[in-house]
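Annotated features, as they stand in TrEMBL:
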- B:29-49: transmembrane segment (TRANSMEM)
- B:89-305: domain 'ABC transmembrane type-1' (DOMAIN)
- B:93-114: transmembrane segment (TRANSMEM)
- B:126-147: transmembrane segment (TRANSMEM)
- B:153-172: transmembrane segment (TRANSMEM)
- B:179-201: transmembrane segment (TRANSMEM)
- B:226-245: transmembrane segment (TRANSMEM)
- B:252-273: transmembrane segment (TRANSMEM)
- B:285-307: transmembrane segment (TRANSMEM)
Amino acid sequence: MTMNRRDLLLTGAAGLAATSPFLSRTPALAQAAEPNYKPEQGAELRILRWSPFVKGEEDAFLANAKKFTDQTGVQVRIDKESWEDIRPKAAVAANVGSGPDIVLVWFDDPFQYPDKLVDVTDLATYLGGKYGGWYPGLEGYTKTREGKFIGLPLATIANAVCYRESHVKDAGFSTFPTKTDEFLALCKALKAKGTPAGFTLGHGVGDGNNFAHWVLWSHGGKMVDENGKVTINSPETIAALRYVRELYQTFIPGTESWLDVNNNRAFLAGQVSVTANGVSLYYAAKNDPKLADMARDIRTTNFPIGPVGQSVELHQVTSTVLFRHTKYPNAAKAFLKFIFEEPQMNAWITASSAYCCQPLKAFANNPVWTSDPNHAAYARASETLRPNGYAGPLGPASASTMADYVLVDMMAEAATGSRTPEEAARRAEQRATRFYRNA
Amino acid sequence: MANAALAGTAGTKDRAGRRPVWGLGQSRNALGILFMAPAALILLVFLAYPLGLGVWLAFTDTRIGRAGTYVGLENYELLLDDSVFRLSIFNTIFYTAVASVLKFGLGLWLALILNERLPFKAFFRAIVLLPWVVPTVLSAIAFWWIYDAQFSIVSWALIKLGIIDSNINFLGDPWNARAAVIAANVWRGIPFVAISLLAGLQTIPPSLHEAATLDGATPWQRFRNITLPMLTPIIAVVMTFSVLFTFTDFQLIYVLTRGGPLNATHLMATLSFQRAIPGGQLGEGAAIAVAMIPFLLAAIMFSYFGLQRRRWQQGGAD
């Protein structure tokens, strides 16, 4: 955080001024006053978003933007970049102070340049009050520790366990295990049957990190504590590493070389019967007539619960940020408000066919989640989500630690047996400490 | 530039005896500078400036989204403590050394074969160039499939032939992965070496070989005492380029392994990118890139002094 005392005093004062009259008027604090943004004369907006993973999702996003233009006359230009290119592009825009007004960023990006972003606390409070509140995990990606929103979480790109029901049954399990130890037993049985599981242990930005974070968190390990002190070398982490070592031995060979695509390929070719992925895996089978039998056999569920006793997972999270360099802040806020309001948000969630999970609790009622039984697991993504860099502050250190695959490498080292769990944890501690030294 | 400008002025003064002509078209030096200016400007803007900026960034703690402050050698000190960085140096040197030796050996061999009288010579020469012509990313994706943990054609063929029982873990085992990326790099790099050396071979006058044959030299003696010495200058240039390309390789690694497994194939270039762009630590990424420069200079110096500067090549005694 690069905030000086003056900034803090100013925001504090502004926050007080904004909330106190409102507090006196509505004692229940049930719903914040609806902010109204009048777009500036001749306003036009440039939005940079990631290339779509699901065609329908982009169509709905564009349709919402068009609707906004029709209603307000504000022209909206939408550019696309591959999802991994968004981070440098947004950072450059922040640095040079020009470029798109709104960017759909990933993970802890807002905390890389918090002072370059427009405070949207009023809008976030209003939306949260109206739609049942933000999911806490998602909120962490845009809400500073001082309680200020520097962006709005837009969606969780949901990840869930995908499995072949017939294979699980053949292995002697009538239902999919919900506990980590039973899950290990299942994987052993699957391997014995010749239909093994497989999870990404290579440098896959999405799948590799999702799996590694689940293993760690489900056993109570964490990279850093609340103050950003590295605590990865802990008994909980060692337990997680012992677990992954056993689990790995039941996997199909070669998972330590897997990147983001490999698990999809192996699953669709019938080589693995359990993996974790976005809903796209299910749809790849469902939309292919040759894989009709497989599609009927696919089931999805959440990752098993470990010793911590609750579902904790990492998913990709995308948020909208509004840059201070925008010439039309009111038009931009009006646009953001528009796309988060119920008709637009519901249309967008529906169109993304369970790929994008809602940021606000009220949208959990969206019919898309019950339209197919396999969507149910994805509906819980925002609920089970924890931000990367848990339990510390988000920022450059958390981003660098994940980008350097510190956790993924630790898991792979212990899983493959190239290092003992103790050595792997110590090495991860050293690597993470480099990044967190100034945090 | 400043020196050149001075020289230009001096040139005009020399001709002071005659009537000085200040028009640009009349002064050969000024005209020369004018013609060189665009090239110099391009070099300055697109090469010198980014290089200078990179060196400067390496002395700062610049992050993506935030200008940095000068921190002296801190980036380098931290990198020395970093086992991943040290591993990447080892990987890069190993990758470059093994791949360059293989590319040279196989490339020279191929060039010698192509220099013989072959049917369809032009056709074969064109074919040899193919790996070089295909965009790296495309050939890397092809290799990605070849090395796939589940669907590798190599594993499949060997299993069908009954030679092995299970798939080869090409990109999962650290040493297999190193060998696999080197093989892909060699496949891609051979044509450049082979075709360049072939061009060199064709400049060797046949009369030398004829004379040696008449004197009773064996093919090996002819190769050792005629072909190799005549080819040395070309080898120096070709291998310098080849080493530079290999040392700075990025695309192949990025597509095949992203530096995995366990950072066993992380080269300095890929680590620099990973730290600077996805990781956001521009200063540190720049420091890794700058740390490549001494190695590259050493490679250039080696080939320059070791191979190229034979006095007899300039007409002197050896």
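Each position is counted from 1, following the chain as shown.
Heads up, the Cβ atoms here are built off N, Cα and C, so glycines get one too.
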Distal contacts, the transmembrane segment (B:153-172) - CB-CB under 8 A, six or more residues away: 145-147, 180, 256-257, 260-261
Sequence-remote partners of the transmembrane segment (B:179-201) [C-beta within less than 8 Å, at least six residues beyond its ends]: 95, 98-99, 102-104, 106-108, 110-112, 114-115, 125, 128-132, 136, 139-140, 143, 147, 170-171, 227, 230-231, 233-235, 237-239, 241-242, 245-246, 249, 252-253, 256-257, 265
The transmembrane segment (B:126-147) and the transmembrane segment (B:252-273) contact flag, 3+ Cβ pairs under 8 angstroms: yes
Cβ-Cβ under 8 Å with the transmembrane segment (B:285-307): same-chain residues at least 6 beyond its ends: 54-55, 57-58, 62, 75-76, 79, 85, 88-89, 92-93, 96, 232-233, 235-237, 239-240, 243-244, 247-248, 268-269, 271-277, 279
